[in-house]
Amino acid sequence: MVLKVFFPSCCSSADSGILIGRWISEQNSAVILAVVHFPFIPVQVKQYLGEVQRVTKVSVSVLGSWSNSKQEKEESLSEFLEDLGTIFCHEPWIQISKEGDSKFWSCSILQKHSKNPQEEEIILVYYDQRKVMLSHLHPPLDTAGQRAEDASRLSAIFDTVARSQVLFMTDRYDEGPIKLTHWQSDGVEASIIVELLKQASVPACMLLAFLLSLVSGICRSRVLKFWPLSFLWSKLSTCEQLGHRLQHLQVISSNKKAQNQNQLMRKANIFVSLLIDVALGILLMSWLYRKNRIGHLADTLIPVADHVAEELQDLLQWLMGAPAGLKMNRALDQVLGRFFLYHIHLWISYIHLLSPFIEMILWYVGLSACLGLTVALCILSDIIALLTFHIYCFYVYGARLYCLKIYGLSSLWRLFRGKKWNVLRQRVDSCSYDLDQLFIGTLLFTILLFLLPTTALYYLVFTLLRLLVVIVQGLIHLLVDLIDSLPLYSLILRLCRSYRLAAGVKFRVLEQQDGKPLRLLMQINPLSYGGVVQTYRLPTYSCYPRDSWASLCKKLFLGELIYPWKHKGDKQN
């Protein structure tokens, strides 16, 4: 059989002692975690390992002995190292010895209690203990077959090192009776700034959680469930974005500890996303309030609205004539044209009525950028929706009129064929009509058919205008979704410390020598950038097309109203 020994590269220069680690019998592997130096008392070592097992729930034990020939040693040291196997009673007993500065180590296995000892081939695998400790192994997406089995074997190695964090808290500056060598032997990795932030974050999170509970209680009150407020809350994207950010703040300020690595990474991604969002919002706010840009924007808004209204009036005048040489129904054309021109006149009067207050409104709207760039973009989307409300009304009028004629023509067409729509059975059945019904049906069908081109032209023009507004709002919402859902912390971690996001490992064969065990170097394969986005992408509340292209084209043909945005809840844990 083949026995695999995972040896930390940081212990290659350690003094002679005993090897502490975990024996994985299912894989016939030994994971070395640390080296205990001479001198030591075996009883104290056993007590220390018992405490480590109680805290970490990892079966840590003495696996063998380590001999470094650099230090001065007695002639009986090798015999003493073999006798340690009798004291600690581990089967098999691993003996690793390093001879001078040689890269090739000797490794042997002792099986004193076995009746039929078998000679096993030994593979010595070097691994970076710090990277394995701080990394999180992501199993492959295709978890079937051999790949899932390999991932489970590797995860056992990663899990052993990660759960043994208590073992690495002892460094060479401690005055305890046991001296260890591991990746933090020269001093425990820590940051004073990080520790101070951890201490200060506790009362800050408690205060923030209390304030958020008040805000969420107000939002869930019955006052906001009445018709006008509930309707505005569901239609305005600003309210949806504020609710989405409120959920994010509740996740961050929660005093509940993350259960696994995914929840921890999700909290970090949300925190970094909020931080960058607020920073970009403050930059936008500082740019808006510098050099009186708010006033210039307010002075530009009214002429732009007048220009858009004039263009719409010219478009309606063109439709009331002979657009593209088409012959329209004169009476219906004039009625529809004057109806829409009157709406434009009302819209211009409404804009000029609000013109004295536009600068003040923009000034207060600009302050909302301190809540984040996404909130400012959602307010911009709502402002565009309000400024183009007359275009939306034109689209609704044209769509309803076109839809009425299409369904009327389809019903009268079934009348010609002796069919009718059965409402109860939801199907088309045969039906016999008398002469009066056929005459009235023919008359109505002829009227609707000859009025259809005029209605269809108005519907087509206003649908294109509506789609233009929807595309502009869609681009804004896509930018909001990008800021909300992009796992920025994970991407920064992938860029700076790629080993923290491990997709697997690769083994590189090192230089070999006859009579020595096979030497391998375990290296961590980082998760790809696409895998990082797919694994840690944050959920968003909105902004996905409700229908497919085929369904959208069908709705456009039938004149049904298009609701381009679908609100999605934050369902990810």
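First residue shown is number 1, and so on along the chain.
Just so it is clear, glycine is given a Cβ too, placed from its N, Cα and C backbone atoms.
What TrEMBL records for 200-219, 270-289, 335-354, 361-388, 394-416, 437-461, 467-492 is transmembrane segment.
Pairs of Cβ atoms less than 8 Å apart link the transmembrane segment (467-492) most often to 361-388, out of 270-289, 361-388, 394-416, 437-461.
Scored by C-beta pairs under 8 angstroms, the transmembrane segment (394-416) has its highest count with 437-461, from the stretches 270-289, 335-354, 361-388, 437-461.
Most Cβ pairs under 8 Å to the transmembrane segment (335-354), among the stretches 270-289, 361-388, 437-461, belong to 437-461. For the transmembrane segment (361-388), the residues of the chain that approach it from at least six positions outside its boundaries are 236-238, 240-242, 245, 274, 277-278, 280-282, 284-285, 288-289, 294, 297-298, 301, 305, 354, 469, 472-473, 476-477, 479-480, 483-484, judged by C-beta separation under 8 angstroms.
Here the transmembrane segment (437-461) has Cβ contacts under 8 Å with residues 315, 319, 323, 326, 328-329, 332-333, 336, 340, 398-399, 401-402, 405, 408-409, 412-413, 415-416, 559 of the same chain, all six or more residues outside its ends.
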